[in-house]
Every structure is written in structure tokens, then in C-alpha cells.
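Participant: As annotated in TrEMBL:
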DOMAIN    B:40-267  domain 'ABC transmembrane type-2'
TRANSMEM  B:42-65  transmembrane segment
TRANSMEM  B:71-90  transmembrane segment
TRANSMEM  B:126-145  transmembrane segment
TRANSMEM  B:151-178  transmembrane segment
TRANSMEM  B:185-204  transmembrane segment
TRANSMEM  B:242-264  transmembrane segment
Amino acid sequence: MNDTTPLKEPLAQKRTTPLAISARGLVRHFGEVKAVDGIDLDVPRGMIFAILGPNGAGKTTLIRMLATLLKPDAGTATVMGHDLVAEPHAVRASIALTGQFASLDEDLTARENLILLARLWGFRGREAKARADELLAAFELADAAKRQVKDFSGGMRRRLDIAASLIVTPGVLFLDEPTTGLDPKARQGVWRMIRELARTGVTILLTTQYLEEADQLAARIAVIDHGRKIAEGTSRELKALIGSGFLHVAPADPADIDRAAEILEARLGAAVQRSAEGAQLSVMAGTPRDANEALSALMAAGIEISDFSMGSPSLDEVFFALTGQPAEDQDCKEAAQ
Amino acid sequence: MSAVSPATLPTVKAPRPPSPFSNALAFGWRAVLKFRHVPEQLFDLVMTPIMFTLLFTFVFGGALAGSPADYIQFLLPGILVQTVVFNSVYSGMGLSTDLSKGLFDRFRSLPIWQLSPFAGLMVGDVLRHIIAGLIILCIGLILGYRPEAGLAGVVAAFLLIVAIGFGTGWIFLVLGLLIRTPMTVMTIGFTLIMPVAFASNIMVRPETMPGWLEAIVVRNPVSHMTTAMRGLLDGTATGGDVLLALAAPVILTVVLSPVVLWLYRRS
């Protein structure tokens, strides 16, 4: 990595660790709201690492701190061996950020956006153009190079936004909710690009609200909630923590719902979550066999079931399993505090 | 399978860091591109002043100065001042738009001189003011306006235009940083600027106004700018006229540039 503060380089080298990001006790408050409330994070180099959490959990605040856009109120962190607070310029030289909203100039063409950023990095006219064309080709945007960004589809925009972060190969690439708002096909496209990019050895820290996205892309996942990390591990480890999946049961007669909940809770030994409409129950089931036995118990008690299914846990269920609270309750809880 | 993909991208190291000046130039290039892609914005910039010029020259010109031909000689330098003051509102709108779209997050996460996006905005503004000024001047020439001081006077007048635009621009950069909706920036901007622009000597001689208003008008910085602009174009300006005209831009720069810096770093 080119360090633009060469005097500090020997010092920084000494502190260099195999970790791309190492954070201890990061805190950032906005008035009364503790957006990030003491987060430790170790991200090894060359890995896709996902920060999973619902809206308002503090994901964006965390990523903005690590990208030097926000100063932490407390805590320390190094990014590619550079201290976040003491050497922000060196951190900036070794990262790239793709924010939640496409950070592109809508009036300019795709190619002009990339050339502008290349020139800001210090490439001269011809080099800047060559780099722009190379990135456009790699992200399958060559045909749209001369179109204004405002005419781009959501998926194209995100791809260009990621390409714009790669003018200079970053040590760490931050992707804040890279597929929020995309249709499934566009999402697949962005996922493919992210996976391919990871093969070049770039460390990628992404935030997401989708368990599936973290599962598909990331080698490690940190789950955060209310500005705190509530779990971390590989996708497999997290799932083991939660169980193989969730059993969803809808009693035919709504009057049976309380009794059904009691039976399921007793049988499976886990808290039962009610759907928002109150007609369906969800409960963590260790194995399909456990689920089957619980269903049999319901029938033995004379409770008719109109529908049941077994599914892998949704983000909501992950949160329920980890915190005992549904993810959506955040705003209400904050209001109550 | 396409041959190139994100996986085939070579590792590219950063070149030698560019100077703040070349960063500002890159942002200036962006402003030029915007003119090319959105030429309509020129329409916004010059439509109001053109309407004012035509309306006042032909409708009120006879009553105000005896004849439209005499009046445009009086009015046009003032319209140039009005144009640059009004158009600096658009700088604030542009900044507000960039901020609301997250574009500045990307700029701020680059290892560049932190103020170069602002320097770039200034480059764009200067271009905007010069282009709008030239269009207004051309309309004036067609309508019979003649700058008595010739080319030298016109060049001096445009330097003053740039200085005025630079000074008033700070007001709207502050608004742009404080307010995240570009439309609100425009509304507040024009609400602030309208009375200041009209309670001046741009359209009417202050001697013809009621005493209390005249007292305000002769102290209005916009009046000083207009007096200097007329003087430069007519070749009658004194050093004192020019200094008075520059007072407000200098004070605004000294007072508001630290505020802009603080607001930018705070966010």
C-alpha cells in the first residue's frame, strides 16, 4: 500500500498485524442514542466478513467510523495496521468505501465518474482512462460506459459503485448493504462480483440485513444489535447456535394457540415466538426428529393444525434465538427506554 | 464466460499523491462535464436576469431614464451583479445535492486534501458566473448597451464578478451544509437574497426613494458592488469604489470560511 505519510511508515510497519481490521471497544453516540456501544472486531486479511443486523443496529455507524468518516467517542482501532484516529490519512490510502446510497455523480457518465476518481487518486489523463475502461469491462458495464448514471438500473449502479471503489486496489473494501433494494437477479449479479473480487485477495467488510447474504458470501459473520456484538462465528457456528431450523405451526382454531404454544415450549425446550398476526407460532427445533415429535404431541392433545413448515432461520429468528427479542421491536424498545 | 471479471483485475497501487491544485482541477473538470450533460442549467442561470433586463428596459426604461436606450446603460452592470448574487444560491444547492446523495462520503474517504471538493465547487462556480455574465453582456450588447471602458473595463468587471461570487458563495455553502434538501436551500437562499438585491441601486437611483429607504439602500453592499461595476464598465471607477465593493466578499470569506470548514469536519 502506498502510504502518503512516508515518515510514519516504519512505525506503522512495526505495528502491522496479520489482521486487516482490529477494533477494541468502539463507541459512538448520537445524543442519547448509543449507535455503537462498545464493539470489538478482528477481521483477518483476505476474508469476506459480514456484519449482520437489523435497521438501526449500528452497522452503518460502525463502518463509517472504520472508514474515518466519523470519529469514535471511545475505543481504538487499526485498519491495515494504521491507527484510525492518529493516522486517518494513511487509513484512507488503504481503504475504499461503497456507501449505502450510490455515491456517484448522476449527471456524469459511468466512465466519467471513474475517470474523475482516478484523477483524484493521482492518475494522469491516459492512465485514468485506461483504468476506468478496465474496471468497466470487469464489471460488465462497458456497453453502458457512455450513459449517464441516472439512467442506470439499481444493479448496474451498485456494480459501478463497487468498481469506483477499486480504482486503487484497497487493502479493505467496505460495502454498506451492497444489495439492499435490488431485485433477486441483480442481487445474484452483485454477489457474483463480490465473490470474484474476494479471489484477488481484497479484504471485504460488508454489512447486511439478510442472513442469506451473509451466509452466501461471508467466511465469518458478526451479529450486532443495539450497537453491541451479540454473536460472532462462521455461518455454520451461528446456525449450530440457533439449531437446525425453525418449526412454524398454524393451529386451525385460533382459540388453541395458547395451549399449542405451551406444548411446543415444553416439548422443544425453547421460547415460542408468535407471528405479528398471532395466528402462527415459530419455535427453534434442534433436529427434524424433535420437530416431528412436537407435532405429534400437538395432535395427541387434540389440536388441529392447518399448516406447518420447517425452515432455516430468518434474520428475525436468529435475533429471537440470540436475544429473546424479535428484531423489529428495536424502535419500540428505544422509545420505551 | 467473459474473459475479464473482478477476479482478473490486477492489483493497482496508488500513484504519487496529486497536489491539492490538481485535485481542485479534477473537480473543476467535473463542473465542466455537468455543463455538457445538463446544458439546461444555463437556462436556470440566465433566464431570470434576461427577463429582468427586457422587462425593466422596455416597460419601465422610458419612465425611469427617459428612454430604454439610456436606461439599459444604467441597468446592465447592476443586472450582472444581481445575476452573480442570485446564482451563488445554486452553489449551495449543488453541495446539498452531493451531500444528500452520499457523494461526499466517497470524496471524504479518499486520501486527498480534505478541502479540495470545496475548491472544486469554487472552480465550477467561477465558470458558472463567467458563462452567465457573458450571456447577459451579449444580450445587453444586442439591446444597445455599450461598455465605455472597452475590453479592459469588461475584463475588470468580470474579475469583480468572480470576487463577488466567491464571497457570496460562502453564505450558501453554509446553508448547503446545514440543510440536506436542495429545494429548501433554494427557497431559503432566495428569501435571504431577494430583499438585499432589490433594496439596492441596481434598478432605480436611490435619490428617488423615500429618505429612510435611501439610507438603507446606500449602505447595502449590493449597491457598492453595483456602483463599482458601473464604474469599471464606464471607465470611471475609483479605487475607493472597488474597495467598497470588495469589502463584503472579503468579510464573508473571512467570517464564513472557518464556519464551512467546521461544519464539514463535524458531519
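Cβ atoms here come from the backbone N, Cα and C positions, even for glycine.
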Participant: May I ask for the residues of the chain that lie six or more residues beyond the transmembrane segment (B:71-90) and have a Cβ under 8 Å from a Cβ within it?
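Facilitator: Answer is 41, 44-46, 48-49, 52-53, 56-57, 60-62, 64-65, 125, 128-129, 132-133, 136-137, 140, 143-146, 157, 161, 164-165, 168-169, 171-172, 185-186, 189-190, 193, 196-197, 200-203, 222, 225-226, 229-230, 232-233.
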Participant: I need to check the long-range neighbours of the transmembrane segment (B:42-65): which residues 6 or more away from its ends have a CB within less than 8 Å of a CB in the stretch?
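Facilitator: Contacts of the transmembrane segment (B:42-65) (Cβ under 8 Å, skipping residues fewer than 6 from its ends): 35, 71-72, 74-76, 79, 82-83, 86-87, 90, 128, 131-132, 135-136, 139-140, 143, 203-204.
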Participant: Determine which recorded stretch among B:151-178, B:185-204, B:242-264 has the most C-beta pairs below 8 angstroms with the transmembrane segment (B:126-145).
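Facilitator: When the Cβ pairs under 8 Å are tallied, B:151-178 comes out ahead.
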Participant: Would you mind listing the long-range same-chain contacts of the transmembrane segment (B:185-204), meaning Cβ under 8 Å and 6+ residues beyond its ends?
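Facilitator: Here the qualifying positions are 56, 60, 64, 75, 78-79, 81-82, 85-86, 89-90, 92-93, 96, 171-172, 175-176, 179, 213, 216-218, 220-223, 226-227.
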